[in-house]
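Take a look at the structure set out below.
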């Protein structure tokens, strides 16, 4: 039928990882912008951009694991991913925004432009809002369908 109880901890940790890493990405981008605004902490800025890059990779891995889990959630009538028709499109937009943010942060390190850093932060926020909307929409829809709605 669906995934067993032994797989639930993995899904729990992938969702937890996505939430924590999203906060790290947004926090890193915001901190780089703030440090550039006061013109200090060059080494810290580079470290934070490195953390953001690792966070982007972790987001990709956890999203892939969550997607693989959702492929296995099905009944005789529907699969979990069928309930959200634009799942892959929104996921690709989410990753696109994260990649553009990383590029903007790298450019901001070279050019020392605060506006570019804050633009990256705004893109991360938009991307994370898309990711959270997709997550909650999918799980609420699956929950309602499982209850017969």
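Just so it is clear, glycine is given a Cβ too, placed from its N, Cα and C backbone atoms.
As annotated by TrEMBL, transmembrane segment applies to 12-35, 47-67, 87-108, 115-135.
Recorded stretches compared: 12-35, 47-67, 87-108; the one with the most Cβ pairs under 8 Å to the transmembrane segment (115-135) is 87-108. Sequence-remote contacts of a segment are chain residues at least 6 beyond its ends whose Cβ falls under 8 Å from one of its Cβ atoms, and for the transmembrane segment (12-35) they are 41, 44-45, 48-49, 51-52, 55-56, 58-59, 62-63, 65-66, 69, 98, 101, 105, 108-109, 114, 117-118, 120-121, 124-125, 128, 131-132, 135.
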